[in-house]
Amino acid sequence: MGKNVVVLGTQWGDEGKGKVVDLLTERAKYVVRYQGGHNAGHTLVINGEKTVLHLIPSGILRENVVSIIANGVVLSPEALMKEMGELEARGIPVRERMLISEACPLILAYHVAMDVAREKARGAKAIGTTGRGIGPAYEDKVARRALRVGDLFNKDTFATKLKEVVDYYNFQLVHYYQADTVDYQMVLDDILAVAYVLTGMVVDVSELLDSARKRGDLMMFEGAQGTLLDIDHGTYPYVTSSNTTAGGVATGSGLGPRYVDYVLGIVKAYSTRVGAGPFPTELFDDTGEFLCVKGNEFGATTGRRRRTGWLDAVAVRRAVQINSLSGFCLTKLDVLDGLQEVKICTAYRLPDGRVVESTPLAAENWEGIEPIYESMPGWSESTFGVKAFDKLPEAARRYIKRIEEVTGVPVDIVSTGPDRSETMILRDPFDA
């Protein structure tokens, strides 16, 4: 019997999860998003055609796969309808392939207004959120005032609850942030206009997944963002508002934790980060510019330029520890082609001179950290599109082996280009 697989990022997001999920869904029956919202940006390239998904699971392009948005996701009806419209215009029957948990909190206009107002008020100390209302929506969930998909089944009760929440937000927007208010009637009209679409896809996700498990159907859980952006384990406060780590699968989907069999960590061959926050290996020189341009390091969601740097094995080891990683998928190896030298950060030197091999938690404790590098020869030959490990340049193979050695985790998949075909699977996660 095959295994249930989690795919998640080991760094600060943007590792290339979407492509890997799309590739592996060939064997999965269910693909589940279990955290985050439309702040994610998963780019798929299939036969040269590019698709960017923000909220809908990457399995949606597969005919025989059921895509699920589970309870751990905060759902923007506006973003969902836009994404569905784009896919349906291409002939993809989204409503036949996708299901939604009734427990998903909704992201509405007042969440976006609050997100934008807060970031503006922070000024130079801004977190660097996407401004899409993710954080405020998770706040409402924890404060037990969230409006959820299931609330749409009773429109009168929904309208009453919405009025209370809009009043609460408008008071803050006006009196604390000196920002414009949100129009209650407009918010209500907008959500009720699409309520039938959302309620038409509602299912008890936990029940569905448990039944699927008993039948032996294969499941894949698609993480968004990356481990180092986890609300608990990331570089706080420069983090996202959800649990991006493997522990979020059980709470965010309702599948029992014993039924997760294999955790695949996606690790980019170098490091990137969007927005503010610690980044010890960040490069400000020509190499950093080379990685940004060649790697096309611009956010799929925001279009923002990503910061770039050498691979940080210390940070990746933290991801190994937190997620109990079974194996790695190494992505964007081809971006390193042509560099005379490649480096891996294997330890940090603290301001007091001590050398440590683990990451701090709070962002302020990262200040003054100096990366300690191992240097390795680069390679001039192209790795782009290579589909056999022994066909890679020797120096590239040594680089991969060194990553395995310093992290203690095998590289089971290597990606050498954006297309799903430009991948070598050394060990299939479903059979590992």
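Including glycine, each Cβ sits where the backbone N, Cα and C put it.
Given the structure is predicted, the values throughout are model-derived calculations rather than measurements.
Taken from Swiss-Prot, the feature active site, proton acceptor applies to D14, supported by sequence analysis. Under the heading active site, proton donor, Swiss-Prot lists H42, citing sequence analysis as support. Annotated GTP binding site per Swiss-Prot: 13-19, 41-43, R306, 332-334, 415-417, in sequence order, evidence recorded as sequence analysis. Per Swiss-Prot, IMP binding site is recorded for D14, E15, G16, K17, N39, A40, G41, H42, T130, R144, Q225, T240, R304. The Mg(2+) binding site annotation in Swiss-Prot covers D14, G41 and rests on sequence analysis. Summarising the annotation, Swiss-Prot assigns substrate binding site to A300, T301, T302, G303, R304, R305, R306 and lists sequence analysis as the type of evidence.
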Separation of alpha carbons, G16 (GTP binding site) and G41 (IMP binding site) (Å): 10
Shortest C-alpha distance to K19 (GTP binding site) - which of the recorded positions N39, H42, G303: H42
Rounded Cα-Cα span from T130 (IMP binding site) to T416 (GTP binding site), Å: 29
Candidates G13, T43, R305, R306, namely the binding-site residues, that fall within 10 Å of Q225 (IMP binding site) by Cα distance: G13
The one of K19, H42, R304, R306 whose CB sees the fewest other CB atoms within 10 Å, among these recorded positions: R304
The residue listed as 'active site, proton acceptor': nearby recorded positions from N39, H42, G303, R305, R306, Cα cut-off 10 Å: H42, R306
Between H42 (active site, proton donor) and G16 (GTP binding site): CA-CA distance (Å): 7
